Amino acid sequence: MAPEREYYRWTVCAVIVLLIALCAAHMTDRPASSHPHRKTSVLKMDEASLSVINEIEDDMMLYVLSDHCFQCLPQLLGIIPARPASGTPTMVGFVVDTQHALTLQLNSTSAHSEQCKVHFHFGEQGNYSLWVKNLNEPSRVNCSMIIDSEPINSYLPILFAFLVFAFLAALSAIWNTVKRLDVVTNLLLCLGSTVETERLINSELGTPNRLIDASTESIIPATTGRRLRSLDTFRGLSLVIMVFVNYGGGGYWFFRHESWNGLTVADLVFPWFVFIMGTSVGLSLSGSLRRGVKHTHLLWRIFWRSFQLFLIGVIIINPNYCSGPLSWDSFRIPGVLQRLGFTYLVVAVLDLVVSRDRLNNILSSETWYSVHDVCLYWPAWVFVIALETIWLCLTFLLPVPACPTGYLGPGGIGDFGQYQNCTGGAAGYIDRWLLRDNHIYQTPSSRVVYQTMMPFDPEGVLGTINSILMAFLGLQAGKILLHYRDQHRQIITRFLIWGFILGIISAALTKCSRNDGFIPVNKNLWSLSYVTTLSCFAFVALVFFYYSVDVKKWWSGAPFFYPGMNSILVYVGHEVFEEYFPFRWKMANSQSHAEHLAQNLVATSIWVIIAYLLYRKKIFWKI
């Protein structure tokens with residue numbers, strides 16, 4: 001039967017990816033060879049071996065500074081003793097980071113001055129030598145970098161995995177085209193059951209029956225009688241990337257959250273999920289109101305769903321399966337589902353208050369017709385703008401003890417070490433004041449680069465205001481779909497206009513730079529520019545999904561459509577079962593990007609298969 005064939009297809013896909021990535025591990029991941037005159041420790045992922053050889057009769061101090069560390073002071077890595085007056089050069093080995101380019105600075109211990117500086121991007125598991133010697137003039141020091149053994153190409157596994165998935169996608173596209181040919185259609189009619197073949201030929205893979213469920217999140221107006229597959233596809237893509245990066249993303253730095261300012265792949269998915277939730281709220285509540293559901297019933301359902309999201313979130317981020325009773329002293333309160341629950345509560349109640357049971361039929365001749373999808377909901381816009389004003393005032397005007405007012409930095413060694421305990425400025429201070437240090441996230445991403453020691457929660461209280469803004473912009477996308485239903489050009493044009501406006505706002509706030517803008521893009525803070533930038537991306541992405549999936553029907557949305565239909569189950573499931581087989585197993589080489597990538601891709605693919613099987617059985621976890 002077709003469902004079983006589809007199950008085996010995705011199983012084979014996962015196995016192929018695993019085999020390819022493991023082959024890449026044998027081809028690309030090898031122990032770093034040592035220099036014949038020294039011993040080096042086994043290197044880990046994103047590490048290289050550096051030997052500093054000192055030919056000068058003076059002790060040298062080696063300092064290192066990452067290009068990714070903004071306004072940081074060089075950090076002491078070690079001391080290289082002076083060469084004996086009549087002896088061989090001294091040599092000291094170090095392990096250096098390979099994720100970003102480094103600046104190496106050598107200072108003389110006697111003169112306390114800089115002797116030389118080298119800017120270099122080390123390759124993973126490579127062996128390097130830095131020779132320090134005098135030139136003809138005793139006061140002039142020369143530093144030269146020599147590659148003793150070539151680094152591995154740690155990006156080959158990603159290339160292989162991409163080619164495998166691209167090949168499978170191409171095969172699927174070719175088959176979908178071929179099976180519509182008359183010759184193939186007639187052949188299938190001859191070989192199989194007429195009923196089954198008719199279903200196979202005339203329907204897209206996994207096209208659902210109409211689901212009539214008042215709690216369904218993304219129902220298009222009742223007049224169309226169908227779901228927008230593009231929304232489920234977009235939600236599913238965001239969820240699949242989220243699962244992949246949460247499982248480790250192959251150990252690559254760009255699949256982890258940014259240390260402070262800037263964006264990585266991991267920083268994209270949660271805001272998109274919030275955006276799509278806002279879009280779904282508008283469509284779902286509009287459909288419920290048109291079906292005559294009472295406001296009080298909808299209000300109760302909104303509160304109950306928000307409470308469930310918050311409760312589930314608290315449970316899954318405080319696991320104590322094998323550690324004994326849960327300690328209330330270290331009980332974390334904020335989290336992803338908690339923020340989703342509170343954001344949903346505010347946006348859904350706001351939309352319920354300002355929504356109309358029936359959409360007004362505004363004449364196109366009206367002067368404000370082109371913006372009527374905004375003007376009709378002006379009280380909601382006033383509320384959201386007031387919330388954003390509160391965020392701006394708290395962020396830039398709230399006095400924080402021992403910190404500059406309006407501080408947006410990471411603390412630690414950032415800003416030349418002046419504000420070590422000011423991580424997150426007002427956002428961190430509010431969380432520590434309201435929730436206390438032990439009840440927020442203890443290991444923020446800023447610890448890696450900026451060596452921060454203060455706890456900081458990226459799902460904290462102040463950032464929730466901007467997540468509400470993100471969901472509200474998604475709600476605006478839903479209003480466009482409602483007011484211009486079946487007017488594809490109008491919908492796409494408005495999506496692009498919103499993307500352009502938000503892009504301009506982001507450019508103005510950030511000055512098109514990572515660190516030098518008025519409000520940098522920052523996931524930890526959920527800064528205003530972070531929301532406008534990701535909303536810009538979301539509107540543009542929604543154009544692609546809407547046009548290709550719902551308008552032209554070039555793509556059915558598979559395989560992302562299936563996890564998008566069961567998003568809560570997949571998210572909770574991947575968190576709860578993260579450490580269990582078949583999502584995790586003991587690797588032959590735990591310092592291999594290829595093995596990590598294979599494991600993470602297989603685990604993510606399994607959740608896609610689970611979502612597909614649940615879809616075929618019409619099992620959906622709705623809260």
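Any Cβ shown, glycine's included, is placed from N, Cα and C.
As annotated by TrEMBL, domain 'Heparan-alpha-glucosaminide N-acetyltransferase catalytic' applies to 227-350. In the predicted model, the domain 'Heparan-alpha-glucosaminide N-acetyltransferase catalytic' (227-350) shows an average pLDDT of 91.
Residues annotated as transmembrane segment in TrEMBL: 7-27 (among others).
TrEMBL lists 155-175 (among others) with the feature transmembrane segment.
The annotation transmembrane segment is assigned in TrEMBL to 236-256 (among others).
Feature annotation from TrEMBL assigns transmembrane segment to 268-286 (among others).
TrEMBL lists 298-317 (among others) with the feature transmembrane segment. Long-range Cβ contacts of the transmembrane segment (298-317) within its own chain (Cβ-Cβ under 8 Å, at least 6 residues beyond either end) map to 215, 285, 288-289, 332-333, 335-342, 344-345, 348-349, 352, 568, 572, 575-576, 623.
Counting only same-chain residues 6+ beyond the ends of the transmembrane segment (337-354), those with a CB under 8 A from a CB of the stretch are 273-274, 277-278, 281-282, 285, 295, 298-299, 302-303, 305-310, 312-314, 316, 377, 379-380, 383-384, 459, 463-464, 467-468, 470-472, 475, 571-572. Look at TrEMBL and you will find 337-354 (among others) tagged as transmembrane segment.
If one looks beyond the transmembrane segment (375-398) by at least 6 residues along the same chain, the residues whose Cβ comes under 8 Å of a Cβ in the stretch are 350-351, 353-356, 360, 368, 405-406, 408, 425-427, 429-430, 462, 465-466, 468-469, 472, 479, 528. Look at TrEMBL and you will find 375-398 (among others) tagged as transmembrane segment.
Feature annotation from TrEMBL assigns transmembrane segment to 461-482 (among others). Long-range contacts of the transmembrane segment (461-482) within its own chain (CB-CB distance under 8 A, at least 6 residues past either end) are made by residues 220-221, 228, 271, 274-283, 286, 334, 339, 342-344, 346-347, 350-351, 359, 373-374, 377, 380, 384, 387-388, 390-391, 394-395, 426-427, 430-431, 434-435, 491, 494-495, 498, 502, 525-528, 530-531, 534-535, 538-539, 542.
Per TrEMBL, transmembrane segment is recorded for 491-509 (among others).
What TrEMBL lists as transmembrane segment is 529-548 (among others).
Same-chain residues lying 6+ beyond the ends of the transmembrane segment (560-577) with a Cβ under 8 Å from its Cβ atoms: 206, 208, 229, 231-237, 239-240, 242-243, 246-247, 273, 312, 316-317, 319, 336-337, 583, 603, 607-608, 610-612, 614-615, 619-623. Here TrEMBL flags 560-577 (among others) as transmembrane segment.
Per TrEMBL, the feature transmembrane segment maps to 597-615 (among others).
Taking residue pairs at least 6 apart in sequence, the transmembrane segment (529-548) and the transmembrane segment (268-286) share three or more C-beta contacts under 8 angstroms.
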